[in-house]
Amino acid sequence: MIPAGDENIRIERTFVNNILILLNIAVYILMVFRPDILLPGATSYDEIVYRLGMIPIFVVNGERLWSIFTSMFIHAGLAHLLGNMLYLYVFGDNIEAAMGRLRYLVFYILSGLGAVVFHIVSISVLPPESLLNRGLSTANPWVIPAVGASGAISGVLGAYLVMYPGGMVRTVSFFFWIPVVLRVPAALFIIVWFIYQLVMGIFSLTTVSTGIAFWAHIGGFLTGIALVPILTDKKRLRKLKFYSYWYQSSFY
């Protein structure tokens, strides 16, 4: 199922979420066409990924700590970017609406940070055959750049589950290649997503690295849930829930 929208009412325009989406898109375009603008002297897309991505062995050694933040805006390809931005577009505005702009920005960054922590911890417990050595081996997860907004966006999904468990999400599914729009409870959609991440994350601990940072997704998700009671403006959330309930009751 591909999320296409939700049915929560926004009482004001969201700003930070839109800026985050535009910034991610702008960075990708520069990576493809003008990597030297992002990083003077850079000549290729892959060079940006390696130099601005979060490489675990450097971070645990206290080096390139800034890459924890730059990696949130670097994507491995167009499909990676579009998938992340779709989820951020559908779910992120609701979280910003409930927290306010500044708190949402803090929430987004902290969720990404939580994702990095879980990713590094997951690597530390991988079996020896998946680690090889800690030198510059391309098959070694300690030196593979982790990139993407997925960890922070996973935090958005965790917050959405807590804030809007009764909400509805419009999804696109394909039956015999025919697209069909379905209304699905947000709680069901997100729980199924999380179970998939958890199963694949456990699987990744028993085999050679899959190339997808499932534990980063899990870490971001759990961090997002933990931050909800700290950063949510409860009055704003109650107002949003009231309008959303009225909207859904009137039209469905």
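Each Cβ is built from the backbone N, Cα and C atoms, and glycine gets one as well.
Over in TrEMBL, the protein carries these features:
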TRANSMEM  15-33  transmembrane segment
DOMAIN    63-231  domain 'Peptidase S54 rhomboid'
TRANSMEM  65-90  transmembrane segment
TRANSMEM  102-122  transmembrane segment
TRANSMEM  142-162  transmembrane segment
TRANSMEM  174-196  transmembrane segment
TRANSMEM  202-231  transmembrane segment
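Against the transmembrane segment (142-162), stretch 202-231 has more CB pairs under 8 A than any other of 15-33, 65-90, 102-122, 202-231. Mean predicted confidence for the domain 'Peptidase S54 rhomboid' (63-231): the pLDDT average there is 89.
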